[in-house]
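Here's the structure we're looking at; comments come further down.
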Amino acid sequence: MLPTTSVSSRSQGNGALSPRDAARHTAGAKRYKYLRRLFHFRQMDFEFALWQMLYLFTSPQRVYRNFHYRKQTKDQWARDDPAFLVLLSIWLCVSTVGFGFVLDMGFFETIKLLLWVVFIDCVGVGLLIATLMWFISNKYLVKQQNRDYDVEWGYAFDVHLNAFYPLLVILHFIQLFFINYVIISDSIVGYFVGNTLWLIAIGYYIYVTFLGYSALPFLKNTAILLYPFALLLLLYLISLACGWNFTKMLCSFYKYRVK
């Protein structure tokens, strides 16, 4: 049975949390607890994090269903266990090393590429997207009758990580098997295969992001988060018509950055 205990059981008789419980549920307290667990691997549930990574491909709705259970039991939407972030970091390092090997980079070039991918592509872009989505959702998507609720910034960052993981696997793992022999070539098949993988990866990112915000019951009009699909498809068709090879452009960019 999945846990369904409500945090209201710890509240005072008037329905408000006691001062002690309220202090435990502040953003600072949650952040401190999360960061503290980063240094205690035995307290992390890696098995559950692996389960989430699997279902982000097969059934992402089940992953966000678990966020509902966390809200019911721990009164927060965001993860309180950094195991997913740790596994994602490991996967990011391994896939980036593989990317450097396929692009025939040296040791120090691969290290530079790794630092770029981790701190710019994942963390830097993630902070920017999470902050932007946090602002937009709280400013424009919260229902009028539920102004007492807001989207946690940590949850917005979790949604980015959830959406980033499938994109990472598609572009930094599956694509590696086709880069040198298919995608990098100047043939029509090359940029068709490469751009199609980009279409799938970014499309999956948009879809998982939509699921993340549509899972919050106090948000409205979350379907607008699917609108970028139209722009993505249009850009994909234009790229095929013009012969743009996104993967080849990315490889050239990475090689330029690590020089």
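Backbone N, Cα and C define each Cβ position, glycine as well.
TrEMBL does not curate its annotations; it predicts them automatically.
According to TrEMBL, the protein carries these features:
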COMPBIAS  1-15  compositional bias 'Polar residues'
REGION    1-24  region 'Disordered'
TRANSMEM  83-102  transmembrane segment
TRANSMEM  114-136  transmembrane segment
TRANSMEM  163-184  transmembrane segment
TRANSMEM  196-219  transmembrane segment
TRANSMEM  225-247  transmembrane segment
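By the count of Cβ pairs under 8 Å, the stretch nearest in packing to the transmembrane segment (163-184) among 83-102, 114-136, 225-247 is 83-102. For the transmembrane segment (114-136), the list of distant contacts is 88-89, 92-93, 96-97, 99-100, 151-153, 156-157, 159-161, 164, 168, 172, 209, 213, 254, 257-258: same-chain residues at least six beyond its ends, Cβ to Cβ under 8 Å.
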